[in-house]
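First the structure, then my questions, so here it is.
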Amino acid sequence: MRGTSFILFAVVVILGFLHGNAEPLANPEPSANPDPLANPDPLANPEAFDLLGLVKSVVSALG
């Protein structure tokens, strides 16, 4: 079992090394025609992230 653990550890180390040295994408610039429906910032839409409502619901559930 120790041999298997060592092999798995070696594979993880090698994959991590390869991932760290990977080249970036060939075209890292954003596309010229982005999706108008995509919302990259969840805080820009108040309906998407309601922290106060979440806190109130947790407090009301506990109390």
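Each residue, glycine too, has its Cβ placed from N, Cα and C.
Annotation comment: Swiss-Prot describes 1-22 as signal peptide. Swiss-Prot lists 22-25 with the feature repeat 'AXPX 1', giving a curator's inference as the kind of evidence. The repeat 'AXPX 2' annotation in Swiss-Prot covers 26-29. Annotated repeat 'AXPX 3' per Swiss-Prot: 32-35, in sequence order. Taken from Swiss-Prot, the feature repeat 'AXPX 4' applies to 38-41, supported by a curator's inference. The feature repeat 'AXPX 5' is assigned by Swiss-Prot to 44-47. Annotated leucine amide per Swiss-Prot: Leu62, in sequence order.
Help me understand the surroundings of these features in the structure.
Note on the repeat 'AXPX 4' (38-41): its mean pLDDT in the predicted model is 63.
For Leu62 (leucine amide), no same-chain residue lying six or more positions away in sequence has a CB closer than 8 A to its CB.
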